[in-house]
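> This is the feature table in TrEMBL:
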{"type": "ACT_SITE", "residues": "Glu106", "note": "active site, proton acceptor"}
{"type": "ACT_SITE", "residues": "Cys358", "note": "active site, S-methylcysteine intermediate"}
{"type": "BINDING", "residues": "Cys126, Cys130, Cys133", "note": "[4Fe-4S] cluster binding site"}
{"type": "BINDING", "residues": "Gly179, Glu180, Ser213, Ser236, Leu237, His238, Asn315", "note": "S-adenosyl-L-methionine binding site"}
{"type": "DOMAIN", "residues": "112-352", "note": "domain 'Radical SAM core'"}
Amino acid sequence: MVRQLVFDEPRPARPPRHLADLDAAGRASAIAELGLPAYRAKQLAQQYYGRLIADPRQMTDLPAAVRERVAEAMFPTLLTAAADVACDAGQTRKTLWRATDGTTVESVLMRYPQRNTVCISSQAGCGMACPFCATGQGGLRRNLSTAEILEQVRAGAAALRDDFGSGQRLSNVVFMGMGEPLANYARVLAAVQRIIAPPPHGFGISARSVTVSTVGLVPAIRTLADERLGVTLALSLHAPDDELRDTLVPVNTRWKVGEALAAARYYAETTGRRVSVEYALIRGVNDQAWRADLLGKRLHRALGPLVHVNLIPLNPTPGSAWDASPKPVEREFVRRVRSQGVSCTVRDTRGREISAACGQLAAAGGPAT
Ligand code: SAH
């Protein structure tokens, strides 16, 4: 401890300001503060969002004399890759990022034949305390800034373009890494806006290919619906009844299944987008036939055709006795949900062996205290 007090750099409480934290007006005033002509603001944004460059020293259309100044004022290095692991024959890659204050978060890049997805974190840790989720066990460390969220996207897009040989494009972004995105609402909203805006204002990823996943923070779901961004909402339900959901998703003690489904319906009606319902199948806990029937009935009643159920075979986490349901139980669960007229599939689980699958992200480290 003493060693750290003596040798460590002071750690900023907040990540430094970055271009990606700023909207167009903010970029304009930051450029004015630097004494640069107004058109530079658009140029920098084009480099960042359009060309995925975050280091002004590589921006050849910027006069060499100002690159250093711009780097310092607008492009601090927010995230440094501390570790990279791959699996699924190189098609899945997890990166452990270290932020300026030593906090660590993870993101996961997944290549598929028809799409490339980055799964990003919105918070370091998570305060929602779902007992089956590794991230939930460590509690919330802090919210990520908008730029810290966007840097994960930029890095994923740049890796797809540069590292896989064939100039791949990032097509999908899912907020299914660490954290509860709607508990960091303003920063996540700004990040989503810049993910979907076309360059120079954003990465230009189609809104329907962006998924915000939530435990069910009801007022925030409604607010997000009213933004009419057209992004996909995923609701982590995991149980169709309050008694069980109170224990699996503790926020259910505040907003019940019925309220979460009503908010999901509001989202679907307001945006015209089908809502995804996430359901981690846990052996002997939430995989009973009667729960499948109840799930199908409640979803059909609340959302009709405007819902799709994603069953996630539980990814075991350290220290938990829980396991995934056996395949025959899983198949029967799917059949029963479908027989209520609700669309339902089982999610393919990428990254299990590198602890990069749903609910397994639990970055070690962070600020020593
Ligand atoms: N806080 C957001 C994002 C969490 S991660 C949310 O709760 O939706 C995305 C999904 O993975 C959520 O549905 C989450 O419940 C699920 N998940 C968490 N731990 C899991 C595990 N061990 N196995 C399978 N899915 C898990």
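Using the three backbone atoms N, Cα and C, a Cβ is placed for every residue, glycine included.
Heads up, TrEMBL stuff is auto-annotated, nobody curated it.
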> Can you tell me which recorded positions out of Glu106, Cys126, Cys130, Cys133, Cys358 are within 10 A of Leu237 (S-adenosyl-L-methionine binding site) by Cα, answering none if there aren't any?
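So the list reads none.
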> Enumerate in sequence order the recorded positions Glu106, Ser213, Leu237, Cys358 whose Cβ-atom distance to ligand 1 is under 6 angstroms.
Ser213, Cys358
> Same-chain residues six or more away whose CB lies under 8 A from the CB of Cys126 ([4Fe-4S] cluster binding site)?
Cys133, Thr135, Gly136, Gly138, Gly139, Leu140, Met178, Gly179, Glu180
> Check the residue listed as 'active site, proton acceptor' against DSSP and tell me helix, strand or coil, would you?
strand
> For each of the binding-site residues (Ser213, Ser236, Asn315), count the other CB atoms lying within 10 A of its CB, then report the residue with the highest count.
Ser236
> Residues other than Cys126, Cys130, Cys133 within 8 Å, Cβ to Cβ centroid, of the [4Fe-4S] cluster site?
Met128, Ala129, Phe132, Ala134, Thr135, Gly136, Gln137, Glu180, Val215, Gly359
> Round to the nearest Å and give the CA-to-CA distance linking Cys130 ([4Fe-4S] cluster binding site) with Asn315 (S-adenosyl-L-methionine binding site).
13
> Among the recorded positions listed here (Cys130, Cys133, Leu237, Cys358), identify the one with the smallest other-Cβ count within 10 Å.
Cys130
> Determine the Cβ neighbour count for His238 (S-adenosyl-L-methionine binding site): the number of other Cβ atoms within 10 Å of its Cβ.
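If we count other Cβ atoms within 10 Å of His238 (S-adenosyl-L-methionine binding site), we arrive at 27.
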> The residue listed as 'active site, proton acceptor': which of the recorded positions Ser213, Ser236, His238, Cys358 is the nearest Cα neighbour?
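Among Ser213, Ser236, His238, Cys358, Cys358.
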> Can you tell me how far the Cα of Cys358 (active site, S-methylcysteine intermediate) sits from the Cα of Ser213 (S-adenosyl-L-methionine binding site), in Å?
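Distance between the two Cα atoms comes out at 12 Å.
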> Can you give the largest Cα to Cα distance in Å, as a whole number, for the residues Gly179, Glu180, Ser213, Ser236, Leu237, His238, Asn315 that bind S-adenosyl-L-methionine in the record?
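The span, Cα to Cα at its widest, is 18 Å.
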